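**Q** After the structure tokens below, expect a handful of questions from me.
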Amino acid sequence: MNSDSQYQYQDRVVKLDPRKQFRLGEGKISGYSSVGLGVLSLLAVLAYLFPAYLTTYELRQVYDADTLQHLLKYGMYFSLFFGVLTLVLGRYRRLGSAGIVLTLIAFALGGYTIPTGPVEARRLSLGVDWLILAFLGSVFIFMTLEKLYPKYRDQVILRSEWSLDLLYFCLNHLAISAILIYGNYHASHFDWAVSDSLQAMIRATPLWLQVIAVILCADFVLYWEHRLYHEVNLLWPVHAVHHSVESLDWLAGSRGHFLQVFSERAMVMVPLYLLGMDQAALNIYVAFAALQAVLIHCNVNFSFGFLKYVFVTPQFHHWHHSSEQPAIDTNYSAHTVVFDWLFNTYHLPGDRWPATYGTTKPLPDSFIGQTLYPLRVLLKKE
């Protein structure tokens with residue numbers, strides 16, 4: 001375990017920025033709500049118009065397009081309502097006007113009345129549907145938790161890096177089809193390791209045992225992939241992009257170089273492919289992994305009791321993102337803390353939380369700069 005008994009831990013100081021704070025009655029909340037719903041409504045309408053190109057084949061098997069169209073209806077009218085409210089309040093009229101215009105364009109293109117039906121099975125597409133559903137789910141679940149149970153109450157939603165992380169969020173979700181195609185292609189190279197007898201034995205076990213098995217196997221792979229990103233000099237500049245965020249919240253975990261995003265998904269597909277568990281167990285794992293990946297980056301103050309000695313929690317993963325010396329190169333696990341315990345990389349100093357986050361050396365603060373950063377480091381070394 002990476003510990004330093006001489007290290008003097010400090011409390012993190014977060015100063016409230018009144019300019020970025022949301023207050024009731026000034027129109028900022030309604031303005032951003034109108035724009036957000038307007039953008040999502042327009043994207044949803046485009047997805048209904050061109051489903052073969054703007055929706056995800058795998059995700060279409062799960063949701064009902066007609067039901068979501070009813071939700072689109074309410075979203076469009078709420079966008080107009082919030083837009084008008086913002087105009088009445090007066091201070092953020094541009095936001096209100098933008099939300100109204102976006103929603104009217106969505107109405108003009110067909111709104112929530114576009115006919116639905118069979119969709120051409122096209123594997124490569126933009127995951128607009130995945131982007132919309134993931135964003136709405138994250139806002140309703142995780143942003144709500146952050147407002148109700150914040151670790152740092154004065155950390156604002158519109159922190160200095162939020163627009164960059166929102167861009168990463170959008171791009172990563174839009175690329176879901178390409179990520180899945182690459183992940184399946186990578187896993188198919190392990191056909192030689194597939195054991196029909198092993199898969200039959202796994203499928204014969206209770207569902208709960210299958211879920212535990214896939215969590216541990218996936219966690220083992222992710223632990224070592226993560227550790228290699230930290231400890232191999234050639235790989236660190238790629239992973240450093242994810243660590244460059246200096247204030248963690250539900251959106252911060254989206255920041256990641258595309259090379260890491262693709263490689264991480266491809267690596268975790270291998271144990272899923274080899275185990276061959278029931279579809280129900282796979283679905284439970286995917287939901288668990290997706291929710292946990294967002295939660296552990298959240299600005300929430302949950303203790304989790306004894307569970308923090310079993311599962312990766314926000315406190316545990318926040319220490320992984322800390323730039324403080326005792327925490328550097330620790331807490332690699334994605335799901336459980338088992339492998340950090342086993343391989344001596346566990347770091348959790350009582351009830352303390354990090355005072356500082358980010359990398360010890362600053363990275364570019366733009367998307368293009370961060371995308372090119374690994375190449376720049378490589379060329380500089382040569």
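Cβ atoms here come from the backbone N, Cα and C positions, even for glycine.
Automatic, uncurated: that is what TrEMBL annotation is.
Keep in mind the model is a prediction, meaning the values are calculated, not measured.
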**Q** Please identify the range among 166-187, 254-275 that TrEMBL labels transmembrane segment.
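**A** Among 166-187, 254-275, the range TrEMBL annotates as transmembrane segment is 166-187.
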**Q** Examine the ranges 71-88, 233-250 and name the one recorded by TrEMBL as transmembrane segment.
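**A** It is 71-88 that TrEMBL describes as transmembrane segment.
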**Q** If I take every residue in the domain 'Fatty acid hydroxylase' (212-345) and average their pLDDT values, what number comes out?
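**A** In the predicted model, the domain 'Fatty acid hydroxylase' (212-345) has a mean pLDDT of 96.
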**Q** Counting Cβ pairs under 8 Å to the transmembrane segment (29-51), which of 126-145, 166-187, 207-224 comes out on top?
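**A** Ranked by Cβ pairs under 8 Å, first place goes to 126-145.
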**Q** Would you kindly check 71-88, 95-114, 126-145, 207-224 and say which stretch has the most C-beta pairs under 8 angstroms to the transmembrane segment (166-187)?
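**A** Stretch with maximum Cβ contacts: 126-145.
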**Q** Near the transmembrane segment (95-114), which same-chain residues lie under 8 Å Cβ to Cβ, leaving out any that are not at least 6 residues past its ends?
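**A** Answer is 27-28, 30-39, 41-42, 44-46, 48-49, 69-70, 72-73, 76, 79-80, 82-87.
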**Q** If you run through the domain 'Fatty acid hydroxylase' (212-345) with DSSP, how many residues end up as helix, strand and coil?
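**A** Each residue of the domain 'Fatty acid hydroxylase' (212-345) counted once, the result is 86 helix, 4 strand, 44 coil.
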